[in-house]
Amino acid sequence: MQWSLRCTMTIKSFNLVVKGPKWGVRHVQVLFLFTCATLVVAQRFNMSVAIVAFTNANSSNPNYPEYRLTEPQKSYILSSPFWGSCCTHMMSGYISSRFGAKVMLLAIMLLVALLSIATPFALAWGGWQLLFWVRFVQGLVMGGMWPCLYTHLAKWCPKKEANRMGGVMTTGLDCGTIMGFALSGVLSASPLGWPSTFYVPGYLGIVWCFIFLRYGANSPSESKFISLAERKHIQLALEQNQVIRGAAPPVPWLQILTSRPFIVLAFCKMSQACSFYTMMQQIPRFIHGIFHLSIAMNALLSALPFVVMLMSSYGYIFLAEYLTRRRDISLPMLRKTINSFATWTPAVALVTLSYVSEQNVVGTMFCLIAASGAISGQVIGSSLNHVDLSPNFAGLLIGISTTLMSAAGVISPIIIGLTVTEESDRSQWRIVFLGISVTLFLGNLMYLIFGEMTVQSWNNSPSKETETEASPKTQPAPASAAEETISVERFSYL
């Protein structure tokens, strides 16, 4: 009887390790990453609505100061965070890959929050020039977020849960955009005025820092709150059986920068950034220039496409889970099919948008909603491909890609500012939308032909001071002994 009870308990414990608990600390970490992305993105794109409010007091609360800015000055302010973030993506990916992401995420959120709170004072004291530099420094700090998020995700997320947990994390981008648009418009029209669009997310970011400081951890082995079963489940799923003694493995810079799958992926992400950042930065200007709506209505209509984007993000997550688990579809087929739909659909929508009449509000919003809803699939289609190519250097790869994407975020508003000299001129916006559509088509075409979803050979960069517990280099053990060692390591706690 005692043997039967012990055997039953062992089987249950084994199943718990293999499948993992349904809810655990790894999900809490993903929730932290989601809220981090939401707050930081909200503080990046709230300027798109706020700049309409503080340059036209009649459109919001007239009890707060109004500032006169030219169209080029507006473009410089909107692009300033991307100027800064270009400089820190790669460095952040490198540092977080080697030393962990917790401290960096704390520093990023705290600095972004403090600079957001200081933004209204900068505009009052130094005009648009000081505002540009404050947003530039804020962009420098924000640039480190996405590489850290993917580094942290790679340490906590079993591969079978990557689509679901990675998708949830990146929906913070959609929620942050909605918060940056809708909440900013409501706050600007409220008694708190447009300065509150910077104060509210800033104070929320400070609160996030205190909670993450207590419950965040770089990896399962460092967490104080994780159960033994969940820790073993994550470590076995990620094959974290190496003990690093001494220096970390060197970064294979040459192999990464000459890797054809990664070069194609980076080009694809840069082409997608042109459309995504243009929509997030320019939709409020486009709607205001074409339809001349109030700030509150402008903000709500601007946020509507991103509400659809958020909803469709979860649709893509469930679709990917269904296709991989129930239909056993291959990873390359899944990534390329979803990415094609998520890239070429916005291209078609933007072409259609450029020819919709000025009086057709419904048709205009339908095109914007169709483009935004499709774009959310780019996370599963191509963003998670960085983890496919190299789990060990996922943060660094994201850092390189996001550097190029930020470059697109810098160039895009400047080109648009030079092209669109009159916001109400539909023909000028047509040039912008057609150019973005061509870029999207070429980027995904390259990804379809040359993209790969397998771990690259340079992922396991050799290190002279790295040893494995299961198979030491100096004294190779017989196969049976090695298997016994692994068995003891995996199940000695049962």
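Cβ from N, Cα, C; glycine included.
Per TrEMBL, the feature compositional bias 'Polar residues' maps to 460-474.
As annotated by TrEMBL, domain 'Major facilitator superfamily (MFS) profile' applies to 32-455.
The region 'Disordered' annotation in TrEMBL covers 460-486.
Long-range contacts of the transmembrane segment (103-126) within the same chain: residues 36, 39-40, 43, 54, 65, 67, 92, 95-96, 133-135, 137-138, 141-142, 144-145, 148-149, 152, 194-195, 198-199, 201-206, 208-209, 212-213, 216, each at least 6 residues beyond the stretch ends and with a Cβ under 8 Å from a Cβ of the stretch. Residues or ranges marked as transmembrane segment in TrEMBL: 103-126 (among others).
The annotation transmembrane segment is assigned in TrEMBL to 132-153 (among others).
Among the features that TrEMBL reports, transmembrane segment is placed at 165-186 (among others). When Cβ-Cβ distances below 8 Å are used as the criterion, the transmembrane segment (165-186) is approached by residues 26-27, 30, 33-46, 48-50, 53, 149, 153, 156-157, 194, 197, 200-201, 280, 283-284, 295-300, 302-303, 306-307, 309-310, 313-314, 316-317, 320, 376, 379-380, 383-384, 387 of the same chain, each at least six residues removed from its ends.
If you look up TrEMBL, you'll see 198-217 (among others) marked as transmembrane segment. Sequence-distant contacts of the transmembrane segment (198-217) (same chain, at least 6 residues past either end, Cβ-Cβ under 8 Å): 25, 28-29, 32, 35-36, 39-40, 42-43, 46, 50, 102, 105-106, 109-110, 112-114, 116-117, 119-120, 179-180, 183, 187, 192, 223-226.
According to TrEMBL, the transmembrane segment annotation covers 286-317 (among others).
Taken from TrEMBL, the feature transmembrane segment covers 338-356 (among others).
TrEMBL lists 362-381 (among others) with the feature transmembrane segment.
Among the features that TrEMBL reports, transmembrane segment is placed at 393-416 (among others).
The annotation transmembrane segment is assigned in TrEMBL to 428-450 (among others). Within its own chain, the transmembrane segment (428-450) has Cβ neighbours under 8 Å at 260-261, 264-265, 267-272, 274-275, 278, 282, 286, 290, 336, 339-340, 343-344, 346-348, 350-351, 353-355, 382, 415-416, 419-422, counting only residues six or more beyond its boundaries.
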- Query: Which value does the mean pLDDT take for the domain 'Major facilitator superfamily (MFS) profile' (32-455) in this predicted structure?
  - Reply: 83
- Note on the structure: Contact set of the transmembrane segment (393-416) with the rest of its chain, CB cutoff 8 A exclusive, min separation 6+ beyond the ends, reads 75-76, 78-79, 81-83, 85-86, 89-94, 96-97, 101, 139, 143, 146-148, 150-151, 153-154, 251-252, 256, 262, 265-267, 269-270, 272-274, 277-278, 281-282, 386-387, 432, 459
